[in-house]
Amino acid sequence: MSGPCVRIPFWVRVFLLLLLYRIAAGCPELFSSGCSCTEDRSKAHPTPGTRRKVSCGGKELTETPEVSLLPNRTVSLNLSNNRIRMLKNGSFAGLSSLEKLDLRNNLISTIMPGAFLGLTALRKLDLSSNRIGCLTPEMFQGLTNLTKLNISGNIFSSLDPNVFMELHSLKLVNFHSEFLSCDCGLRWVPSFFRSGSARLGDETLCAYPRRLQNKPLRLLRESDLSCEGPLELHTLSLLPSQRQVVFKGDRLPFHCTASLVDKITALHWRQNGQPVTSDPTKGIHLEESVQHDCTFITSELILSNVHVEASGEWECVVSTGRGNTSCSVEIVVLENSASFCPEQKVNNNRGEFRWPRTLAGITSYQHCLQLRYPSLTLGGGVEQKKASRNCDRSGRWEEADYSQCLYTNDITRILHTFILMPVNASNAVTLAHQVRSYTLEAAGFTDTVDVLYVAQMMHKFMDYVTELRELSEVLVEMGSNLMQVDDQILARAQREERACSSIVYTLETLAWPQLHSHAQDLSRYSRNIVMEAHLIRPAHFTGISCTVYQRREGAAGSQVHDGADLSLEQQLRFRCTTGTHNTSLNAFHLKNAVALATVSLPATLFPPNAPPDCKLQFVAFRNGRFFPFTSNFTGHSDLARRRGISTPVIYAGLDGCSMWNQSDPIIVSLRHTSPGHDPVAAHWNSQALGHHGSWSLDGCQLIHSDVSISTLRCSVLSNYAVLQEIPDFPGSPSIPVEVLHPVIYTCTAVLLLCLFTIIITYILHHSSIRITRKSWHTLLNTSFHVAMTSAVFAGGITLTGYPIVCQAVGIVLHYSSLSTLLWIGVSARVIYKEALLRTPQQLEGESAVQPTQRPMLRFYLIAGGVPLIICGITAAVNINNYGDNIPYCWLVWQPSFGAFYIPAGLIILVTWIYFLCTVFCLRQRNFQESKDLQCSASDPSNLPESQPALSGSTSLLSTDSGVSPVHAGTTVEDQYSLKVQCLALMATQFVFVGLWCCGAMAVWHVDRERKLFSCLYGGTATGLGIFLVLHHCFKRLDVQAAWLGCCPGYHRSQPMPAYSHPCTVTVGVQSASERGSQLFVACHPPTDPNHYSSSARSSSTQSGTASITVVPSKLTNLLQVSQDNANNASRAPAGTNTNTSTSTENNKPTNNLLPSLLPVQQPQRRKACSRTKGGNTQYHHRGDARSHYRLKALRAGGGGSMGALGPSGTEHSNIYHVHKHASSENGSLRNSHSEGQNGLLTNGRHRGEGLATSPSEGSDGGSSGSRKPFPLLPSVARRAAMQQNAQCRSASKDNLKLAAAAERESKRSSFPLNMSSNVTATASLSTVSAPNGTLKGSVVELDTSGTDQSQGSVGMKSRVWKSETTV
């Protein structure tokens, strides 16, 4: 079945036929080969009919087309993008008209001579992007008219100078190549193109050497084209290139390819550095080297039967006339059953290396630790260093090679850099000082190579000691610093590299080059090493004695003052005298000096035939660390056990002569520096044990020894020491601890006693001390942190000999100092908030916003958390910031700025901002109060004579006392006013800062300045402690009461508190009748306003329960009351009442009946009809006669009684009542023994001060529940409303209404007597009590019961009139 036929339009058929005819008519011979032929339509030739352009590009031709097939007039031939490999001789013969030949992008590698013959008209030839390696002048024969030649992109690396000799018309040439080497082989290029008409194209760039890479060749000069420098080959490869692991018997071929540099270039093979030759018996077949395209040379090596011996490095070596180079590959030949080396982790001074599980016979490589500044390769990349480790055939790790890796320790790496530096006379002193600066930290050396590198540098510097005398001083200091290195590290350095022997040799020969006729003496001092050298004449030698000594520490005769180097006192020194003297170390004649060793050389030291000049040198070492016990004693192996050097080591040596064998012995005395027993005399034999050195007992004899000094007699010149047996369990070496001045310890103890007195008192008597909850917390924490700071300072500031303890002391001091300042700041904020909430703006009627409750934990997070964070960060960054190389346990200087001084300054600044704000609030409040008093005085209300005012006590006898002016003072929940609290806190901060500064100066300074600041510290500490304990304990009445309450006989001896308790201060001047008629019922006298501003409750409680308690309001002897009132009125000035009672209760301002939680804004009316029910009573009424008699006394002594029913309008005019809330922060009202004595109402308030909200209820605290206001009588409620609307209004009408209400109340009450109306009102409101001790007659039942155990409540438990003295 055939598909549908597609019909081609007729006109399309005609067009195709015409096209084919046209092609066939132009070049019919090329139609079968796929080439195309077109006419040349260039303007230069107006007759294009005879000129042809043939294009055979991209036709996959493998050779050039036959010339006979091309048109005769072919002017352009395109053979690009084919696969032509060779141009034969005469390939284009006959194309005499050809002007352009394009042969680019082929595979041409060979051009035979005469390939372009006959192309006399050729102008452009493109041979780019082929594989031409050899170019000769014969290749371009016949191209006489060629103007443009492009041979770029081929594989040649250089060109023959005569290559373009046949091209006479050449104008432009390009021969860029990726292998083009711009060296001496192309030195002809600049002159050739400069002298001829040809031009080198800009595309011709250099590829090699690297210094000329990508630079245009035409811009280079002949001097740039040189063959100097290392040989760089554009090609050098070895296959296989990676490490090969093969088994025994395998076949392994190698193929090496290299650049053909010159005619003598050759390839050779090596195995493990040994030449390899062809040996068929061993399976080694080596082929001859072959050259390719005049560019490459190759060689092949075949291992037909690999043996185990073939393991190792196989290397292909390229030898040229300009040098040799090579590449290699590692071959590992394994047995058929191979083992493995286990995985292993190694930590050393080069870093941490993890060697993996490796097959036996394999070398494993690990990258070195990358440092901050890695080295760069010549190519610009990062040079990756490696460590190697071989796993032997038995499956065991060999020693690794870490030489290419850098040291991880900074000091070690720097010392290694010094080793690599060249030393000469110009830089020797500079390098020596730099090395010496790094040896200052020798105590922290942890590697033996540190000691080794310093020893090697000292040996290098010895070559320049003669011309640079300063070097000897630096070398002695280097050796002295190295004696601080740990004993074990020095011992290992001696065993491994004999580093200690090298150092000792350098020091003991240091003076020889510097002694001559013009410099006959040399002395060098340091802390641990001292050297003395002399040029002597043996013929005149009479003996010499040299003593090593040092200054006593802190000697009075020391000349070292502030600013001088204190280490000069501890330097070792020599004192030499001529003649032989038996100098005793204990009787050393220099004042304030300690002799450590002495050596006496006899007069017969030199033989008779000694040379005329001789050099004598003494060297003393403070200890024997440079002379470790690397092995047993020479000749006395049994004495080497558990022995150590217990004395300094002193050396005596000669240069240029020797000791006479018949000389008298040398006498050496040495002082013991460590305990031990069984001493032996020894000298150091540097030649023993293969020049490692050892102590020898031959030649020295111990002639005397005691606890402190040993004397030796030796017959050889050497290093001398005394060896003692070390105990089996030696005690830890005692580290000297610097002791502060005794006044610091004494006065710190006084300060701690005072502070802990405060802390213990406020903790044990928490519920008895009237202080806000926040103030209680801040006071205890401030005291505790001040105690911590002073105790840690006195006990640990000088413990620098114990690094860990010293760091802990520094951290604790840092924390406690900042925390103390923060707690003082928190206290300042608390006072400021309290002052802010008592400003007149809120007292005059602004509605107080109910604050939200906030926990006390925030204070601890600020005052304790912030210092903890600062200290933690400081210690985490570098724990050595505390007590590192400083004589006290504190922060080092530079980190202390950001970690302590700046935060401390900010804390003090913020604290003083709070202080200033508090002062501003208090000044504003005092100004408003003075204005209120002036307003009250400008509109007085006349009191009738029948109402002599009882001042603040007037309202105590009425139920509307919540709106009466009962000494409306501030209800600060502290005995001190805000002003006193603020001033005390300022003084505390100032004295603490002074205490801290004096302590710091006492530690920092020395001698007299230290004593001065120690005394200042003691005085400041004592003053701070006394001030705090006086202010917070002795001057507080509640603290006194709490202390006295601890005495067993205090309650039984305390007098009745209710006999004479004057109440409040009357504003203005009172008449005699008014003062004499005042009746004070169980209230306290007003005193100095700055002294008493107690609240009706304590805020230090944790309870949230509000219990209403009152003080005993019992009336006792009325006559006594009248007499006391008359006496008080006569003694006290107008407006002031003075207390005369000795009871503690009388010294506390209380408020007997005024509810402290009474709001004025919403006065509530409530009928007071509750009565106290019957209960157990201890006292009963004694009859109406006695009560009637008391009533007469009351009338006779009290005058009119209506004044007691209500205050005047003047007293009401300037009183502000603010609702008081109990909260979890400021404490709750509670029924406790401590509060029973003071009751719920405060009588001791200042005139004109409102019942301000405590700071605890401010923004820092919240209400836990509002108290319900006490109910008021109707007249009282109306009067309260009138007081809010008009402050300066007469209250006489209100007083009459209040009296009437009181009279009705008295009739209703259970008063035992039927008195007249004017007396009944007073008594019924004040003295009616129930058998259970509750006052009745007011709208609130007030509890007056108490026990003997109560501190402040010594009230009666019966009715008011019982148990009274009858007058």
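Cβ atoms here come from the backbone N, Cα and C positions, even for glycine.
The candidates are N150, N1314, N1318; Swiss-Prot tags N150 with the feature N-linked glycosylation site. Reviewing C700, C747, the cysteine that Swiss-Prot connects to C714 via a disulfide bond turns out to be C700. Per Swiss-Prot, the annotated N-linked glycosylation site among residues N72, N781 corresponds to N72. Feature motif 'PDZ-binding', per Swiss-Prot, maps to range 1364-1367 of the set 36-39, 304-307, 1252-1255, 1364-1367.
According to Swiss-Prot, R773 and C1046 sit on the same side of the membrane. As annotated in Swiss-Prot, region 'GPS' covers the listed stretch 681-730 rather than the other ranges in 81-130, 681-730, 1031-1080.
Of the listed cysteines C206, C316, C327, Swiss-Prot assigns the disulfide bond with C256 to C316.
Within the set of disulfide-bonded residues (C256, C316, C700, C714), the lowest number of other Cβ atoms found within 10 Å of a Cβ is recorded at C714.
Panel annotation: around the repeat 'LRR 3' (119-142), residues 75, 80, 92, 95-113, 148-156, 159-160, 162-167, 174, 292-296 of the same chain, lying at least six beyond its termini, place a Cβ under 8 Å from a Cβ of the stretch. Distance noted between the C-alpha atoms of C714 (disulfide bond) and N661 (N-linked glycosylation site) is 12 Å. The average per-residue pLDDT of the prediction over the repeat 'LRR 3' (119-142) is 91, rounded to a whole number.
Using Cα positions, the member of the glycosylation sites N78, N145, N150 nearest to N661 (N-linked glycosylation site) is identified as N150. Counted within 10 Å of its Cβ, the other Cβ atoms near N72 (N-linked glycosylation site) come to 11, all protein chains included. Counting residues of the domain 'Ig-like' (230-332) by DSSP class, helix then strand then coil, yields 6 helix, 58 strand, 39 coil. Each of the glycosylation sites N89, N145, N324, N424, N661 was scored by how many other Cβ atoms lie within 10 Å of its Cβ, and the smallest score goes to N661. Comparing C-alpha positions, C316 (disulfide bond) sits nearest to N145 among the recorded positions N72, N145, C700. For N150 (N-linked glycosylation site), the same-chain residues lying six or more positions away in sequence with a CB closer than 8 A to its CB are R104, L125, D126, L127, S128, V173, N174. Look at N424 (N-linked glycosylation site): DSSP puts it in coil.
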